[in-house]
């Protein structure tokens, strides 16, 4: 059934409670937005197949609770992940400041040294911004992460965040091949895509 799928990738979404992790996931997988969405209890899980540079990848996306009382679940959902999306709310500086804690947790429990990280500043549709875009970009560069600002509400930047993350994973030797039965798929080298298209001006490939 999935003969044309290059690989299955495990993607995590982490960050403080209320930053919009579930909203980003629902916008990406179902193209829906619910302003009254309840906080995630434990771990939610969705699957979506996307095509990047002509290669199909099935994403198993784990949406995690930000609350401290659910941290006992941590080791199991970090295990085997190839990509992680760290989310903060651009209107809440505290969620940006606490990114260091999430990075420390990632380093503690992640089983791969070459996991690809994407930093997402969410809720750019709101007026009361507390974290400047350049601050996010600087933090991402410091920690060798991809970076994008997004809005789950307006859909701005959401698709790009996931696509750029997957593209980087596929371009990283040894990160996913063991999961794909060595199908010998030839990867295309698409340099021009970073200058325009749907993702133009958003992502910084680091």
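Using the three backbone atoms N, Cα and C, a Cβ is placed for every residue, glycine included.
Range annotated as motif 'Switch 2' by Swiss-Prot, chosen from 63-80, 81-98: 63-80. Checking Swiss-Prot for motif 'Switch 1' across the ranges 1-15, 16-30, 31-45 points to 31-45. According to its DSSP assignment, residue 21 (GTP binding site) is helical. Of all the binding-site residues given, namely 17, 22, 23, the one with the smallest number of surrounding CB atoms inside 10 A is 17. Recorded residues residue 35 (GTP binding site) and residue 22 (Mg(2+) binding site) have their alpha carbons 11 Å apart, per Cα-Cα distance.
Cβ neighbour count for residue 125 (GTP binding site) (all protein chains, 10 Å cutoff from its Cβ): 14.
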